[in-house]
Structure formats: structure tokens, C-alpha cells
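Here the structure comes first, spelled out in C-alpha cells, and everything after it is commentary.
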Amino acid sequence: MTKLSLLPLLTLASAVLAKQDAFQAKCASFGRKIKLPNVHVNFVEYVPGGTNLTLPDNDVTCGASSQVVSADMCRVAMAVDTSKSSQITLEAWFPREYTGRFLSTGNGGLSGCIQYYDLAYTAGLGFATVGANNGHNGTSGKPFYQHPEVIEDFAYRSIHTGVVVGKQLTKMFYKEGFDKSYYLGCSTGGRQGFKSIQKYPNDFDGVVAGAPAFNFVNLISWSIHFYSITGSNTSDTYLSPESWKVVHDEIVRQCDEIDGAKDGIIEDTDLCQPVIETIICKPGASDKTNCITGAQAKTVRNVLSPFYGVNGNLLYPRMQPGSELFASSVVYNGQPFRYSTDWYRYVVYNNPDWDATKWTVEDAAVALAQNPYNIQTWDADISSFQKAGGKVLTYHGMQDQLISSDNSKLYYARVAEEMGLGPEELDDFYRFFPVSGMAHCTGGDGAYGIGNGLRTYNGAEPENNVLMAMVQWVEKGIAPEFIRGAKFSNGVGSSVEYTRKHCRYPRRNVYKGPGNYSDENAWECV
């Protein structure tokens, strides 16, 4: 009797093992089958779920020497020529538990870093996933120097090349090919998503583009212009991180309860117009720990003002209030912003010795006139993507310290004006969700856990996961009315203090009660 009762289990175990062995065998032989133009396979390997994958070839500046992989998958590493003098490093990760979906990841900053955490995240969700190094290695802009082909890879070609090759490989690896194609990226990755929408409208069925770095050239100039406002850390116009906390606390005091709840979160930064004069130190004050000087107050006012060009034209909107604590260490730190310095040195002026401390708004005009390969990514007519049936879901943290969320609002307005469509019509294919309490792509003081990556994960249900919400929109026609964010007690994996439904633009969240502010149903999108 015992042997008979074990037979079904043994049969099932054998079937599972055979399936596993077949997948490993397919992976082991796959490299020999890849004979695509300009594609040079470095290696193909089977990676079991639970492996802490070492990444010895990842540039040290990318900050990732290993990556935990949650799902069994076949890893394909290759180089792909993009011209006679340039190539991208590309990886494709094919999960054993495949859902029939293809996905491309993006990049960040000026970096030439494959975002292995996004590969692991999306492969773990069953996507056949690709990621590339943007045509160079490391986070510096130095590879752009006198190398326009590398700039072209960075502007658009790396992502598109990876998509073309990745789709071919997916069809080769899985006999069923793929049903739908998706994109997931934030920051530079958000810009890359919109570049695909604008230039290659048939590449993706669904694009999730967070905190997009479009209006790119002006973003570069906006980021460096803060130094001309704050000066160095010895200037009387400079604010220390401690002084920025004083400013931040006052801004929150003035603007927190505009939404109806005192929770430390500004729900709609458009309604926040802080009066900074309230914290100028009184004449003769002996204790200046909770106030700032008049010169510093002027710095704050200028930092929170739009950025205009030499002819008075708007180049970039203001930094949204509420991001002061996060921004104090990166763009208000008394040094020219590093990515901007690199862009001007190695792209705009081709001069590694260019002095970033001498930057003026005239330099912004030079950079914008150059706009190599239309890296601005600012085209407002996305009708080709609309006609192709594509969907785009974009989000932007309203505590973003690197890319103002006001810029995403500006692009939304430009698309509406260019295409002659109001919010109801745009909702059919383009939905934008400002996320209160979210910093740059992740982190922040509020409910930032929206599932755009491993660092914001709070479940794979569409209502809790911005990527899976896009899948549901594309495959079932159910468009997201909101995206739910989780407020973690101590980062991803810790307890969830509360959740909040972030409204789709141009709606905004208002506290109505009767429950506590931590009750998501006590809020209403108006």
C-alpha cells in the first residue's frame, strides 16, 4: 500500500525534474543557435532561483557586484555592434516560468550600467527580459568624449537595439514567442521609455516610465544652475543640510494641511507657494539654529523658481517644494552637479578641462542648440503610439530631488495642446500619476511602494503594482484609476504603516475622513 500511495508523487516529481532538465538542456545548447547579425555571444548559463549571481564584469561605479535571482532562468550575455566604432553590452534573461511577455528595462543617470535588479525583478515576474549598458561602461560621461556614436547609443539606439535583438531571441528560445511587449524604466529609463514612444511607436504595447528625464538638455542645465544660486559651501548664499531642514519644516508647516490632513505629506505641490520670509532670523538673534539669513532666503526663493533662458523663455519648471532634505546633498551641496559637469565637458564643449563653476545661462543656450540625436525627448505629438494601440503609464514622485515632477506635468500639458486632447481622451492611452511622498524613483516620506522595482515592491497584484497594472490595462482593457502606494516602516520588506491611492492627473488627493489619514478610503480624488 505504501508503494502504491507514493507512485503519483514519484510520477509528479519525475515530470517536474524532466521539465527542469529539459529547460536546462535548452539553455545549455541555446548559445550555438544564436546567429544574428552584429551579435556576439559571450556566454549562456542556467541560473537556478535563489542564486546570488556574481557580476565580476560590472563596472565598479555601477555599485552592484552581485544580484540575487529569485527564479530559474537562462542568462544570455552578449555584445551587439551598433556601428563600426560602437557596441552595447546586452543581457537577456529567460525565466522557466514564462508568461508570454517580453520586456525591456532601462538605465539611470548618464550611466552605462545594466540594471541587474530590474532584470531580476521582471524575470521573477515571468517576463523574458533584456537590459543593456547604454553603449558604455560606468556612471561617468567620459566615454562620450569625441565619440558621437556612443552619444547616439545613449540617446536612443541602445534601447531600440536591445529590443530588436531581444525579441528575436525570445522567439528563438520559446516556441510560443511572445504575446505582448513591455517597458519598465525610471529617470533616464523614463526618458528612454518616452523616446521609444516618440521614435519607435511599435516597439512596446505598454510603457511604464517613471520620473522621466525628458527635456533632457534643459534638465542638465537646470541641475547645474543650482550651483550659481547656492554658491560654494563658503558662500553666504549657501545653506547647510541643517538649514535646509529648517526650510523644509517650514514648507511642510505651511503646505501640509492644504489637502485636509496633517500627515507630513504634501499631496499637491501645485498648491504649495511657501513664504520663506517667515523664517528669516530676527535682528540681533543669538540663536540662529531655527532661522536663516536674508541671503539664504533669496537662495530658497530662487531654487523654488522656474529656470528661464537668455531670452526669457522657460527652459525648465521649478523644483517642487517638499524635496529639500533629499536635494540638499545632491544639487544644493555647494558643488556643480556631476552629471551636468560631465555632459558639458564631454558632449557640449569636448573639453575635459571645462570649469563647471563658471557656468552661465548662455551655456544653456549652447547646449540646447546642440541637442545631439534629439536627446531632448520632448516631442509632444505621440499620435503614432496612440494609433499603434500603445499604452503609457507614467508616475513621478513629488519629493523628487533630481528631476522636478513639475516637468512631467509640463509635458502632459504639451501633449494635450499638441494633440488637441483633454484628460478624458488622453486617459485612453496616456495616464500620469503624481506620487506624493516619493523621492527619485524610490524612497521618500510617504507611500512610495508602487511596485516599479524591487525597492518598492508590495505584491504583484495589479492594484499594488504599477507594472502589473500596465499588464492588466494592455491585456484586459482595465485601465488603472489609481496606483496604490505603500508606506513602509523601514524600507521594502518591513511592515506597511499605511497605503494610499495616488490619483491620476489632473485629479488630486483630498482628505475627507472620517477615518485617520492612514486609511486610504478617507481620501478622495477630486
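Each residue, glycine too, has its Cβ placed from N, Cα and C.
Noted from Swiss-Prot: Cys441 is disulfide-bonded to Cys186, selected from Cys74, Cys113, Cys186. According to Swiss-Prot, Cys62 forms a disulfide bond with Cys113, chosen from Cys27, Cys113, Cys255. Matching Swiss-Prot disulfide entries to the candidates Cys74, Cys255 identifies the partner of Cys27 as Cys74. Here the candidates are the recorded positions Cys255, Cys441, Cys503, Asn516, and by Cα distance the one nearest Cys62 (disulfide bond) turns out to be Cys441. The glycosylation sites Asn137, Asn516 differ in how many other CB atoms lie within 10 Å of their CB, and the one with the most is Asn137. The Cα atom of Cys186 (disulfide bond) lies nearest to that of His440, taking the recorded positions Cys255, Cys291, His440, Cys503, Cys525 as the candidates.
With every protein chain in view, the residue among the disulfide-bonded residues Cys255, Cys281, Cys291 whose Cβ has the most Cβ partners within 10 Å turns out to be Cys255.
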